[in-house]
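Taking it in order: structure first as C-alpha cells, then the write-up.
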Amino acid sequence: MAIEILMPALSPTMTEGKIARWLKKEGDTVNNGDVLAEIETDKATMEVEAIEDGIFGRILVPEGTEGVAVNTPIAIMVEEGEAVPDSAAPPATSAAPAPAPAQAGAVAPASAPVAPAAALQASRPANRIVASPLARRIAAAKNVDLSTLKGTGPNGRIVKRDVEAAAAQPAAAPKPGQQANAPLPTGASRTVPHTTMRKVIARRLSESKATIPHFYVSMDVELDALMALRSQLNALSHDEGQDAFKLSVNDMLIKAAALALKQVPEVNASFTEDAMILHEDADISVAVSLDDGLITPIVRAADRKSLKQISQEAKSLVSRARAGKLKPEEFQGGTFSISNMGMFGVKEFAAIVTPPQAAILAIAAGKRQPVVSGDEIKVATVMTVTLSVDHRAVDGAMAAKWLSAFRNIVQAPLALVL
Amino acid sequence: MSQTDFDVIVIGGGPGGYVAALRAAQLKLSVAVVEAQHLGGICLNWGCIPTKALLRASEINHLLHDLPAYGFKADGVSFDFKKIVARSRAVSKQLSAGVAHLLKKAKVPVFDGHGKLDGTLANGRRKVLVSKDGAAPTTLTAQHVILATGARARVLPGLEPDGQFIWSYKEALVPETMPKSLVVIGSGAIGTEFASFYRNMGADVTLVEVAERILPVEDVEISQLARKAFEKQGIRVLTSAKIGTLQKTATGVSIPVTVNGKADTLVAERVISAVGIVGNVEKIGLEGTKIQVDRTHVVTDALCRTGEPGVYAIGDLAGAPWLAHKASHEAVMCVEAIAGRKVHPIDPTKIPGCTYCRPQIASVGYTEAKALEAGYKVRVGRFPLIANGKALAMGEPDGLIKTVFDAQTGELLGAHMIGAEVTEMIQGYVIARTGELTEAELAETIFPHPTISESMHEAVLAAYDGALHF
C-alpha cells in the first residue's frame with residue numbers, strides 16, 4: 001500500500017520547514033533507516049529517515065520548497081511492484097492525526113462554555129487557508145493577511161468578523177519586513193531570498209526589541225588570573241585521547257556566568273504576565289555565528305559541570321551547530337545567553353535579549369591596558385562585558401549585583417574549579 | 001423509582017425544548033423534558049403546522065375556483081369546513097405523537113406537569129418542581145436547566161378572546177363554522193396568514209394594521225406588493241388605522257376605525273386579534289432569582305445564558321424573532337455549549353422569516369432601508385416572477401425577488417421574496433448569507449431550468465451586470 005511521507009514536526013514549536021535536499025530519487029529502493037531528506041527548520045537542518053522498506057515513489061514537494069507545513073504530504077512510498085498513485089491517497093497514512101472524537105458525555109461547568117476541539121483544526125493541512133469568500137474579499141480590500149488570522153467560524157474557518165476584527169486593530173506593530181515608508185536605495189542590488197533562519201532571527205529579535213524594555217549595564221573585568229588558571233589547567237590535559245581537553249576563555253566564562261547566576265538567581269528568570277519564573281538550573285545559551293545567521297546551543301546546568309565537561313560539550317555543540325545538525329532540544333530552552341565577540345577585537349557591544357530569557361551577556365575582546373591598582377599603574381588584560389536586561393524581570397541594581405558577582409569570579413577564578 | 005437527577009432538564013416541549021432534549025441525548029447527556037400540555041408546543045399544535053394544513057386547503061379552494069384558467073370545468077364545487085379543520089388537527093396530532101416517539105427513542109423521560117424552577121440549590125444542583133392537577137410536586141434536580149416555556153397571544157383590552165366572536169389564533173384554528181365576514185387586527189405573519197386563509201375560503205376579510213404598511217418587518221416593496229395582491233383577491237386592507245372600542249352585537253362585532261382622519265365602522269361576524277405575543281414568564285420560578293425579565297421575555301446573552309449560572313432560556317421565551325427554527329437552533333447551540341462544544345452565537349440577520357399567505361413571503365437579513373440605515377452602500381437587484389418561465393407555466397406570475405448587496409464587499413445583506421413557493425426557496429439565500437458567499441459565487445452558481453429559483457439567480461445578476469431575462 002502506498003504510504004505518504006508527511007512533513008515531520010522536528011521540534012515542539014515547529015510549524016513549517018524547508019525541504020533542503022532530497023537524498024533519494026524517485027524509483028530508488030529505500031531501506032528502513034535510510035535518510036530520505038534533509039529538512040531545514042528555523043534553526044537547524046535535520047534528517048528524515050525512512051521507517052519502512054519500499055520504493056521511493058514520488059516527490060510531492062520539490063527540493064528547496066520553503067514554508068512546508070507540518071503534516072503536509074511531501075513524498076509517497078510504495079511497495080515493490082506497486083503503481084504510484086497520482087495523488088496521495090487520504091486514508092493511506094497512519095501518521096495523520098485523526099479528527100477529535102466527539103466530546104461525548106463531557107459536561108462543562110455551568111457558567112462558561114469551554115472551548116474548541118483543537119485537534120479538529122490540526123487535522124487540516126496548516127498551509128491551506130480556510131476562509132469564506134466574503135472574508136477573502138474584505139481581507140484583500142483591507143490588506144489583511146489571512147495567514148495570520150485565527151478563524152472563529154465552523155472548524156476554524158476565517159469569516160467576515162475575524163477579518164474585520166483584524167482590520168480594526170491599530171497597525172501598531174508592523175510585521176517584520178513591512179517597512180512601506182522606507183524606499184530601498186535605488187542603486188544596483190541583488191535579491192537574496194531569506195533562509196528560514198533569517199526569517200526567524202528577524203521575527204524573534206524584532207519582537208524582543210519591540211516588546212522587551214531593555215537596559216544595559218557594562219563593567220570592565222580583568223582576565224589575567226583566569227588566563228593563568230587556564231594555562232595551568234590545560235597543561236594537565238593529556239595530549240590526545242578521550243580525556244584530552246583544551247579549555248578556551250569562553251568555556252571558563254560560561255561557567256563563571258553560571259556560578260554568578262547561582263549567586264544572583266533573580267537574573268536567571270523569565271517574565272510572564274502572571275508571574276516571574278525563576279529557573280533552577282543555569283542553562284547557558286552560547287551564541288555561535290554561522291555563515292547565514294547564528295544559533296545558540298545550550299550548555300545545560302553549567303553551574304554543576306566541570307570546566308572539562310563544559311569545554312567538551314561546547315566544542316561538540318559548536319561543530320554540530322555549524323554543520324546544521326543540532327537537535328531542537330540542544331538549542332531551545334536556555335535560561336541565560338552569552339554572546340562573545342572577543343575574537344573579533346570588539347571593544348564593547350550590547351546584545352538583544354532572547355525571550356523568554358531575562359538577560360544576555362555581551363563579551364568584548366580582552367586587551368592589555370594600564371589599570372590603576374591602589375596608587376600604582378599596572379598592566380592588565382581587561383575586557384568590557386555588557387549585560388542586556390529585560391527590565392520587567394530584573395532591575396538595575398540587581399543587574400549590577402550580578403555583574404559584580406561575575407567579575408569577582410573571573411578575577412578570582414579558583415571558584416571555577418571547585 | 002425513576003430517575004430524578006439529570007445533567008439537563010428542559011422545561012417546555014416545543015420546538016425549542018424537545019430539540020434541546022434530543023440534542024442533549026445525542027451528546028450523551030442525561031436529560032428530561034417537563035411539559036404541561038402537549039409535546040411540540042405552539043408550533044406543532046397551535047401554530048406553524050395546523051395553519052399550514054388550513055392554508056393548503058384554502059389554496060386548493062382557490063385553485064378549484066380558478067379551474068377555467070387551466071382549461072377545466074367543474075360545477076358545484078363545495079367543501080366541508082369541519083373536515084378541513086379536522087384534517088388540520090389530525091396533522092398536528094400526528095406530529096405531536098411523532099415528537100413523543102422521538103423522545104422515547106432517545107430515551108428522554110417526559111414529565112407530565114407544570115415545571116417550575118426552585119430557587120434553592122440541592123448539593124449545588126438546580127431544583128425543578130413538577131406539579132400536576134394540584135398534587136404534591138415531584139422534585140427533579142439537574143446541573144443545567146433550560147427554560148423553553150414559549151409564548152402566547154398578546155391580549156389587548158377590549159379584544160379579550162371570548163370563544164365566540166373574538167378569537168386569538170387558537171380559536172381561529174378550530175372554528176365550528178366558516179364565518180361569512182371577518183376582521184383581522186394585526187398584519188404580522190399570524191394575522192396575514194389567517195386573512196389569507198379565510199379570504200381564500202370565501203369570507204369577506206378586512207385586514208387592519210396600526211402601522212403604515214402591512215407586514216411591517218418586511219422590505220417596503222414586498223409590503224406594497226403583498227397589499228396589492230391581497231386587494232386584488234378582495235381583502236380590504238386598512239393601514240395607519242386607529243381602532244376604537246369594539247362593540248359586540250347579536251351576530252358579531254362592530255369596530256370603529258379611523259384611517260387618515262376618516263371614521264368608519266367595521267361590522268363582521270368574527271374578529272381575530274393578532275397583535276403580537278408575550279412570553280410565558282409567569283409561574284416558572286423566576287421571582288427572587290437573578291434572571292431578568294424585560295417586557296415579558298427572559299434576558300439572555302448570545303449563548304442563551306440567563307443571570308443565574310446553569311439556567312438558560314431559549315425560543316419565544318427569550319425574545320424575538322418568535323420563530324420555531326430560531327428556537328430549535330438556540331436549543332442546539334445551548335446544549336452544545338453545555339456539553340463543552342464550541343458554538344457560534346446566532347446572528348439574527350441570518351434567520352429567515354416566512355409567511356404562508358397567498359402569495360407567499362420570505363426574507364432574510366437586511367431590508368434595503370435597514371441596510372442604508374446601518375450605513376451600507378447597497379446594490380439592489382430585482383427580478384419579477386412574470387419574467388420567469390416556470391412561474392408563468394404554473395399560473396403564478398405575481399411576485400418579486402429582491403436582493404440587497406453591500407456595494408463595497410459583495411456581501412449579500414438581505415433577500416426579500418414574494419410569490420409562489422418562495423418559502424421553499426429562501427434557504428438558498430440563507431446558505432449564501434451564512435456561508436458568506438458574495439455575488440461572485442452566486443453568479444457562478446448554476447440554477448436549474450425551469451424553476452422559479454432561477455429568479456433568485458437573476459435577482460443577483462440584476463444587482464450587478466443586469467438580469468438576462470428582464
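All positions are counted from 1 along the displayed chain.
The backbone N, Cα and C atoms fix where each Cβ goes, glycine too.
TrEMBL entries are annotated by machine, without manual review.
Among the candidates B:GLY119, B:GLY124, B:GLY261, B:GLY276, the residue that TrEMBL names alongside B:GLY186, B:SER187, B:GLY188, B:ALA189, B:ILE190, B:GLY191, B:THR192, B:GLU193, B:GLU209 for the NAD(+) site is B:GLY276. The closest partner of B:ILE190 (NAD(+) binding site) among the recorded positions, by CA position, is B:CYS43; the full candidate set was B:CYS43, B:ASP316, B:HIS449. Across the residues annotated as binding FAD (B:LYS52, B:GLY115, B:ASP316), the widest Cα-Cα separation comes to 30 Å. In sequence order, B:LEU215, B:PRO216, B:VAL217, B:ALA274, B:GLY276 are the residues of the chain that are 6 or more apart from B:GLY188 (NAD(+) binding site) and have a CB within less than 8 Å of its CB. With respect to Cβ neighbours within 10 Å, the recorded positions B:LYS52, B:HIS449 differ, and B:HIS449 shows the lowest count. Between the binding-site residues B:GLU209, B:ASP316, the minimum number of other C-beta atoms within 10 Å of a residue's C-beta occurs at B:GLU209. Set side by side, the binding-site residues B:GLY115, B:GLY186 differ in how many other CB atoms lie within 10 angstroms of their CB, and the most is found at B:GLY115. According to DSSP, B:HIS449 (active site, proton acceptor) sits in a coil region rather than a helix or strand.
Break the domain 'Pyridine nucleotide-disulphide oxidoreductase dimerisation' (B:351-459) down by DSSP state and the numbers are 40 helix, 33 strand, 36 coil. Comparing C-alpha positions, B:GLY115 (FAD binding site) sits nearest to B:CYS43 among the recorded positions B:CYS43, B:CYS48, B:GLY186, B:THR192, B:HIS449.
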